[in-house]
Amino acid sequence: MKVILNNDIPNLGEEGDVLEVKPGYARNFLIPRGLVSMYSRANVAILEGKRKQIAKRKEDKRLAAASNKVKIEEAKLVFPMPAGENGKLFGAVTAQMIHEELEKIGVEIERKKIEIPGHTLKALGDYKLLVHLYNDEEAELKVSVVSDATEESPASPKAAEPQAVKEEVEEPAGEEEAVAAEASVEEESTEEADQ
């Protein structure tokens, strides 16, 4: 079935493209969502009237991709993360985290266009990631995952635990004294009440 794309559709084509798709895909998915129009003389005439607007939007997307490519390739993102002695992270650097950092430097792209081997970065080191831009254009992003300075903090709770245990051991003796003191206060109050 021949259709005309009304929007850019990933893995299918760009706005204004005329494509052949399976009839079920067109009827059940593309047409109900308004992503395509049926191929007809009337729709082709409408498409021809919009060609200049579509060409301008494509040019704007291409220029934005070129601008983003320059920003991405000049940037080096550094992620301080807690890590063990062997360099393995307690957690991971995700595409969402990278996406947020790219937005801070003015790069507007979709999160799913950041290609991370294994979907997350789980070890310390320097990485080169691919970012897919408009059409087949790609940019190489440099990401560095470093250990943050809080490596001491996992050891400090362990050092504090023995002190807490000692306090707990001393508390029962303190409780016995408190119970004895309460009993003596009760005896005094009953003696005063008897008099």
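From the backbone N, Cα and C atoms, a Cβ is placed for every residue, glycine too.
Residues annotated as compositional bias 'Acidic residues' in TrEMBL: 168-195.
Sequence annotations record features per position, and here TrEMBL assigns domain 'Ribosomal protein L9' to 1-46.
Residues or ranges marked as domain 'Large ribosomal subunit protein bL9 C-terminal' by TrEMBL: 65-146.
Residues or ranges marked as region 'Disordered' in TrEMBL: 145-195.
Mean model confidence of the domain 'Ribosomal protein L9' (1-46) amounts to 90 (pLDDT, 0 to 100 scale). Secondary structure counts, DSSP: the domain 'Ribosomal protein L9' (1-46) has 14 helix, 12 strand, 20 coil. With DSSP classes pooled into helix, strand and coil, the tally for the domain 'Large ribosomal subunit protein bL9 C-terminal' (65-146) is 23 helix, 37 strand, 22 coil.
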